[in-house]
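Okay, structure first, notes after.
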Amino acid sequence: MENILNFNEPLDINLLDQIVSVLYNPLSNKNDIKAAQMVLGKFQEHPDAWSKVDTILETSKIVQTKFIALVIMDSLIKYRWKSLPREQCEGIKNYIVSLIIRLSSDPQTSSREKLLVNKLNLVFVQILKQEWTTNWSTFIPEIISSSKTNESLCENNMVILRLLSEEIFNFSEEQMTQTKIQTLKITFEKEFSLINDLCFYILENATRASLIKATLETLQRFLNWVPLHYIIEVNGGIAEPSKLVKLLLHKYFPEPLFRNSTLKCLTEIGNLNLGNQQYDAVFIAIIDKFMNQIKFIKPDPSKIPQDYEDGDQGERSFIHTVSLFLTGFFKSHLKIMENSLNIPYLTLAHEILVNISNIDELELFKICLEYWNFLSSNLYSDIATFTTTLLSTPPRLQLYKSVLSKVRVVLIDHMAKPEEVIVVEDENGNIVRETTKDTDSLTLYESMRETLIFLTHLDSENTQHIMLEKLQTLISGREFTFQRLNTLCWAIGSISGAQNKEQEKRFLVTVIKDLLELCQNKKGKDNKAVIASDIMYIVGQYPRFLKDHWKFLKTVVNKLFEFMHESHPGVQDMACDTFLKISKQCKRKFVVLQVEESQPFINELLNQLSTTIAHLEQSQIHTFYEAVGYMIASSSDAAFREKLVNKFMELPNHSWLQIMGAASVKVESLLTVEVARDILNLIKTNNRAAMSLENCYITQISKIYLDLLNVYRTYSDHISRNPNIYRETLGQAMRSVKKETLKLLETFIEKSSDKQVIYSNFLQPLLEAVLGDYRTNIPETRDPEVLSLMTAIITSLKQLVHPEVPKILEAVFETTLSMITKNFEDYPYHRINFFNLIRAINSNAFTVFHNLHPQQFKLLIDCVVWAFKHTERNISETGLHILKELIENVSKNSDVANVFFKTYLVSLLNDILYILTDSFHKSGFALECDILRMMFQVVENGVVKIPLFDPQQANFPSNSEYVKEIVVTFLSASPNVSRPQIQAFVTRLFNLANINNNDFKSATRDFLITLKEWKSHENADLYSDEKNIEKALALKKQSMIPGMVRPNDVNLEMNDL
């Protein structure tokens, strides 16, 4: 095998074919496959491998070998093309062109070698991206000319033009610089007349079906960017479809063989939103022709779902394209279709879309759902600005009234499952607890919920009527299935907040009353479990109603308590989760005395606590305790709060005292698996209570604090004396107790508002118990939660804790570094927690770094560099944040800045340039640009008052010129750009450093694409900032619509009373 790696000898093609055959033969043994992979990998990576490509393509007998050759060529073109001598570029280009012509000119050869020709086309387009237009300005005329010589060759040329269009207009943003993209687009548009004439000639004269289809498919890719006059002609001020578009409408759309490809072209045209009434007649002509044809193709729209079910792939594809055409057309031209002359077609088209929405095919449903969302939000915007006149309903809304009612039915019938529902029907029809989340279903639910909210705003009475009518049908037993009940209840829960309070009250009381009645009447545990989950989901979605209706709220909570005794899988979990949700939103209602009540509900709850939680599992009890904690914390009476906390924690404290009492007599009693697990559950209960009790948890922790630390010490000592015990069940249980203790302390410190009390009364014993143990234990038994706790202490206590930070660093700094710097994989949680700790010190106690020994400070900088060079995204971005904040802090003090930047700026600059230009850290692009810009500002703005260079060894007029030279030297290692290009780029960045951050990023992004010729899938992160801004604007817009923000994400505290 190794003989193919000798590039001084002619390549043995037979041997290469044999090696490739081993790789693709399913009967080959594993060792042979591994050897073949290794040799082929080395062959592909060899810098001269590309020189063997022509030999392989001409003489290899198997297609997989030829594909490997083309992969080698593809890599050369993308990454090394600019470094090749000009004559080699021309030679490669001419060879690929001649091979494509040879293989695609003969119909039989083209068909036989179709896969190879397709791959050659892709390689050729990569060459075009490099060569056109600078070194091959005549490409378009040449490919048009060759197309007229041979129909088979013409067909393949159409494929090449289609691929080129896609590369430039669809996929270019993250592959090429903005300048290059604009140049290619302008050239393509200028020379499109030649392509247009060719397409018109083919479509008017060709008889070869495959050529016509290829032309239509290519034309489709052109239509969303070609100059407008190729689509619309204006004669004497009157606009009409161009000759090419008329061909599509009148010759090819009626023809079944070409109908689908033609409709895809018309879809591209229909999507155009030109904002000019002069062109409206053209779009009316297109929709008229379409609707006239569709009346004959689909005379009964109600049969469309059955046509799809029974149809072949062509039929299904056509219905799919119809949905795209209609939804795209109406998104761009809805208003012109609302003219009285066009209303019949508008109505018919929406009837077709409603029926397509009923097809059981998710992608089709998503297309229609997106349109229904557009239509309903568009009409909602109209209503929001509609001034009431004699008409009670806006005219536009009246126009769509019938279709919107049908859409409501479709969405209610198809409602996706929300996240909160965990009682589901499996594929065998059994009711079970869901074990994994379906993220696609959750995304679909959010889209459907948003659309239903718009639809409810448009006509809440109709929405209610449909839902209640469906509920009555199910209650009567007609058409009852779990699925129908579920989708209806999920839809009911989804419209919370979209009705006024009075409507919501009538609606919800009716729904819950009917569901409770259904629960009573239905026999069987499965039925009751499904109905219980639906009731719990609905009540959890309407906190506003519950807050306003105490008796109903009390009934709901008591019903949840009943469900907590239900053994059916998932019911207890949902009951606890729903109770937690309601407690968060309605907490004050439970601690104040309500009308006609003798005491606040919290008293009743705590008196019956042991009974209520008797059948719950430990994890469910933890959830329950968090829920009750929110209620207690909401009381404004401090004495009452303290009394409640004491009562609330009686059960866990009783168990705790029993265990501690036994330990006081015999400490060994703690050293059993059973006791360790009991302690673990008690600490978890405390942790969840601490989360919700917040500051008033201090009443509880004061009782258990010293015992808690003593247990921690006891388990630490036992593990230290028996280091291998951590592999055993007892050791694992002890470590779990320690970890949960650390989490509880972190929660307590973060949630407490009285930081001085924590510092004075709690901090010293904590540090003594935790830090010494961390420092002296073996690496395998050091808990990453210690680092997280120290981060919380520094972040929460800020200046108070400054005296203790050196002690913290002494215990964890070098100890942790020795664990995490040996490789990039071991101790992943220690890694991220350690760098979060360093960031916390940098942000809250930066002056502590001043007191570090220079060697220690260098170690700190080294570990920050090590962090941002890490391939794990979280760690890398944390390292970048630390460096950014470190530079900000250092720059505030001139003396500190001089020393720091003199010592570290150049090395840090090289490190930042390294990750900016490699392929593994693109997710940090925005932060890397920020840091680079800050470094340039440091030298440009005179933050450093002393020379960064050694005047004895080099003489620069300023620090700026010195840093520019450093950057130019680093970037000059790339063969893809010349030194003058690099110098121009660096000068531009320095000019932008103090002017515009976005321009600085854009310039850097363009240069990196030039530098590396990066592939699109690697470069999405270079645009992450822009995408995040778009998301934020969309969320802000959503928050203005009642009901659009999920009810449990709304802060209702201001209205809690």
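Each Cβ is built from the backbone N, Cα and C atoms, and glycine gets one as well.
The feature domain 'Importin N-terminal' is assigned by Swiss-Prot to 36-102, with sequence analysis given as support. Feature annotation from Swiss-Prot assigns repeat 'HEAT 1' to 239-275. Taken from Swiss-Prot, the feature repeat 'HEAT 2' covers 281-321. Marked as repeat 'HEAT 3' by Swiss-Prot: 462-501. Look at Swiss-Prot and you will find 506-544 tagged as repeat 'HEAT 4'. Annotation source Swiss-Prot lists repeat 'HEAT 5' at 551-588. Here Swiss-Prot flags 596-633 as repeat 'HEAT 6'. Annotation source Swiss-Prot lists repeat 'HEAT 7' at 739-776. Residues or ranges marked as repeat 'HEAT 8' in Swiss-Prot: 781-818. Among the features that Swiss-Prot reports, repeat 'HEAT 9' is placed at 855-892. Under the heading repeat 'HEAT 10', Swiss-Prot lists 902-925. The annotation repeat 'HEAT 11' is assigned in Swiss-Prot to 926-965.
Taking Cβ pairs closer than 8 Å, the repeat 'HEAT 6' (596-633) reaches residues 554, 557, 561, 564-565, 567, 572-573, 576-577, 579-580, 582-584, 587, 589-590, 641, 644-645, 647-648, 651, 681, 684-685, 687-697 in its own chain, all 6 or more past its ends. When the stretches 462-501, 506-544, 551-588, 781-818, 855-892 are ranked by Cβ pairs under 8 Å to the repeat 'HEAT 10' (902-925), first place goes to 855-892. Cβ atoms under 8 Å from those of the repeat 'HEAT 3' (462-501) belong to residues 404-405, 408-409, 411-418, 421, 425, 431, 445, 448-449, 452-453, 455-456, 507, 510-511, 514-515, 517-518, 521, 526, 530-531, 534-535, 537-538, 540-542, 544-545, 548, 1042-1045, 1047, 1050 of the same chain, restricted to positions at least 6 beyond its ends. Note on the repeat 'HEAT 9' (855-892): residues 813-814, 817, 821, 824, 828, 831-832, 835-836, 838-839, 842-843, 846, 849, 900-901, 904, 908, 911-912, 914-915, 920-921, 923-924, 927-928, 930-931, 934-935, 938, 943 of its chain, located 6 or more positions outside it, place their CB under 8 angstroms from a CB of the stretch. Tertiary proximity for the repeat 'HEAT 8' (781-818) is limited to same-chain residues at least six positions away from its ends with a CB under 8 Å from its CB atoms, namely 719-720, 723, 726, 735, 738-739, 742-743, 745-746, 749-750, 752, 755-756, 758-759, 763, 767, 770-772, 774-775, 827, 829-830, 833-834, 836-837, 840-841, 843-845, 847-848, 851-852, 856, 859-860, 863. Residues 420-424, 431-434, 509, 512, 516, 525-526, 528-529, 532-533, 535-537, 539-540, 543, 545, 594, 601, 612-617, 620, 623-624, 626-628, 630-631, 633-635, 1047-1048, 1052, 1056-1057 of the same chain lie 6+ residues outside the repeat 'HEAT 5' (551-588) yet bring a C-beta within less than 8 angstroms of a C-beta in it. A mean pLDDT of 93 is what the model gives for the domain 'Importin N-terminal' (36-102). Under DSSP, residues within the repeat 'HEAT 2' (281-321) fall into helix, strand and coil as 36 helix, 0 strand, 5 coil.
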